[in-house]
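Below you'll find the structure, written out as structure tokens, and then a few comments.
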């Protein structure tokens with residue numbers, strides 16, 4: 001019997017395509033099929049930086065407010081010092097006035113820093129949360145954050161439940177009414193600044209290339225002069 005021919009070999013499996021690269025291009029754009037990196041939205045501020053700025057601003061405002069309020073009490077100290085001729089008594093009155101002023105200014109600075117820091121942290125925290133949930137940053141995020149922050153601070157104010165409810169309603173409406181136009185102005189300014197930066201990039205590149213070519217030409221001339 002004639003031996004049967006062996007079965008034909010199966011064709012090799014086609015090579016699998018390599019996964020799409022997720023590396024960004026030179027222009028900063030992500031290639032097709034890649035997952036874009038998460039970047040900060042237009043016109044947003046870092047939560048930690050904004051909170052620190054709020055704390056320092058509150059410290060300065062609270063301290064300056066208490067310092068200006070304590071100036072009116074200097075007249076009483078001067079009257080007390082003028083009513084006695086004893087140097088020790090005058091020194092004691094001045095020392096007590098300076099100690100009280102220092103305590104008032106320090107207390108006002110701490111209270112102002114804590115209050116404004118908490119307000120700033122709450123506002124930007126709610127704003128970043130809305131941006132993450134909605135997936136877009138617009139004026140409604142700013143207005144919503146201002147309304148919620150004002151309502152929260154109106155709720156913690158001392159008073160009866162009816163008074164707190166009234167503060168919540170007034171704070172919510174006032175926060176939204178104030179933050180809506182301010183947020184619109186902020187976004188417009190940020191958008192304009194980004195457009196100006198984008199339009200100025202080609203000019204900067206041309207100038208840089210011109211400077212580089214000028215430096216290269218100077219180096220070549222120096223090399224030719226040295227060869228001579």
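FYI, residue positions are counted from 1 along the chain as it appears here.
From the backbone N, Cα and C atoms, a Cβ is placed for every residue, glycine too.
Annotated range for transmembrane segment in TrEMBL, selecting from 139-157, 196-214: 139-157. It is 1-41, from the ranges 1-41, 42-82, that TrEMBL records as region 'Disordered'.
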